[in-house]
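Enquirer: Following this message is one structure expressed as structure tokens.
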Amino acid sequence: MSSNGWLQIGLLLALVFLTIKPLGLYIACVFEGQRTFLSPILGPLERLLLRISGVDARREQGWLAYTLAMLAFNAAGFLALYGILRLQAYLPYNPQGFAGMTPDLAFNTAISFVTNTNWQAYSGEQSASHFSQMAGLAVQNFLSAATGIAIALAVTRAFARSAANTLGNFWVDMTRSTLYLLLPMSIVLALVFVWMGIPQTLDASVTATTLDGAQQTIALGPIASQEAIKQLGTNGGGFFNANAAHPFENPSAISDYFNILAMMSITMALIYAFGKMVGDLRQGWALIASVAVLLIAGIAAVYIAETAGNPIHLALGLDPSFGNMEGKEVRFGQAMSAAYTAITTGISNGGVNTMHGSLTPLGGLVPLFLIQLGEILPGGVGSGLYGLIVFCVLTVFVAGLMVGRTPEFLGKKIEAREMKFAMLAVLVLPFAILGFSAIAAVLPNALASLGNAGPHGLSEILYAYTSAAGNNGSAFAGLSANTAWYNTTLGISMALGRFAYAVPVLAIAGSLAAKTKGTASAGTFPTHTPLFVGLLVAIIIILGGLQYFPALALGPIAEHVGMLAGTLY
């Protein structure tokens, strides 16, 4: 731990905050139907696509129609991607001659990319053809991100409108998210990545001669284009098995900075756009502040834990100045490895430049806990915002109980119907995480996949289901997850974490949109003050995190105590 490391982290966060307002204003303009600098180019294309699809942009949908359209679209995307993965041996652009994926692996992978999880039970450079990567996985990187943005927009309109029966048009929101936001930013970022040395080619591989004269075959492919949307869409699935630790995905410290900035840009700007669209920028900044408090605390915790190192190694006389460098790339160092670890799990990206299974017990506890909080720091593109709004609803309800008034948020009364749906959404994650983890912890077939015994083995299981249900996608890689049990149950967990959460959220949006927007009075609890920020942070920790404490005590916490006693697993 050094002042230079803290300076790197501080500079990174400062750059992120500089992008929030301009990008947030642009997003608000796009989805409020205002003219932007891209409108002359993309406006005619948008109208053409909607006309071909038979979509009337002026015809809006109620919450149920919006929800059914979202579910139908994602079901079609799942079937299309499943078919591509199963049939890739017969499809073009397969220079490696890869066979089709097995049914359970194709099921897992298709759900993974449709739900924006990008959990990968396969090695990309050894299992997925160029066609599967480009026409299958990369396409879903765009569509899953656009789906999250669309749901977030529907929730935003619920607070912006008064006595309304509609939330917008799902097809229009999807089209605009892709055309005006994801595609332009991805094109620019992909070109930047190519300039930085990330390959973009249809060649299968290149043969290199090592220093000792041996021949080595290095996989290639359309990497830069996939890397761009992987980060901007908070997808996280890598072209290579090593993900952003691979030099062809993340060749330098500068590219590492761009990767982190890209993964944070849209999801943070959406919170600002929320404030702009509901007519209260103070609310947007309050939500950003609550996210920043927890995310910065997570970064600091990982950095401190990893630079402290392993006391068993220190007792053997190893140099303490390096800390725990196992599983880390020296071109990034401790500070940026810690920042990437906390941010990728707080954001629901799931890409890694550090192997999370090699973190110290407390260092590994932090990313696990950040996912369990609900992926709202600031979470995935779109999904983080609507997840954060659920916790805002819970927070004002608790505040209302304390002062004896009907809770309100942004002029909308929060009543029994909204609370029921909010609690239903909040209970989805612990049900999927703890339920499947408990079964896997006693099932012989599941236990056979463990790479480590003791508390770390339990942590591997817990992290896998946490990552799947939280739609994150990162892993403790000691778990061999490419089995029928894990492919199936993790796939179910991913679907629950995405759709069983989104449906109650859209139901809340429909209920709130129909209500008349009231004006604030002297007795209204203000939701843009430091008091609200503190209460929101407390509710997130209590309701989002403490329900997992018994499981964490048996996993990473027990492993940490054992490490202090001289035991490793």
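For all residues, glycine too, the Cβ spot is worked out from N, Cα and C.
Here's the feature list from Swiss-Prot:
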{"type": "TRANSMEM", "residues": "11-31", "note": "transmembrane segment"}
{"type": "TRANSMEM", "residues": "64-84", "note": "transmembrane segment"}
{"type": "TRANSMEM", "residues": "135-155", "note": "transmembrane segment"}
{"type": "TRANSMEM", "residues": "179-199", "note": "transmembrane segment"}
{"type": "TRANSMEM", "residues": "258-278", "note": "transmembrane segment"}
{"type": "TRANSMEM", "residues": "285-305", "note": "transmembrane segment"}
{"type": "TRANSMEM", "residues": "384-404", "note": "transmembrane segment"}
{"type": "TRANSMEM", "residues": "423-443", "note": "transmembrane segment"}
{"type": "TRANSMEM", "residues": "490-510", "note": "transmembrane segment"}
{"type": "TRANSMEM", "residues": "531-551", "note": "transmembrane segment"}
Enquirer: List, by number or range, the same-chain residues at least 6 past the transmembrane segment (64-84) whose CB is under 8 A from its CB atoms?
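Expert: Contacts of the transmembrane segment (64-84) (Cβ under 8 Å, skipping residues fewer than 6 from its ends): 91, 106-107, 109-111, 113-115, 131-132, 135-137, 139-140, 143-144, 147, 150-151, 154, 167-171, 174, 499, 502-503, 506-507, 510.
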Enquirer: Report yes or no: does the transmembrane segment (423-443) come within contact of the transmembrane segment (135-155), defined as 3 or more CB pairs under 8 Å with a sequence separation of 6 or more?
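Expert: No; fewer than 3 Cβ pairs under 8 Å.
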Enquirer: Restricting to the same chain and to residues at least six past its boundaries, which positions have a Cβ under 8 Å from a Cβ of the transmembrane segment (258-278)?
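Expert: Contacts with the transmembrane segment (258-278): 12, 15-16, 19-21, 23-28, 31-32, 145, 149, 152, 156-157, 159-160, 181, 185, 189, 192-193, 196, 227-228, 231-234, 244, 250, 284-285, 287-288, 291, 336, 339-340, 343-344, 347, 349, 351, 353, 378-382, 384-385, 388, 410.
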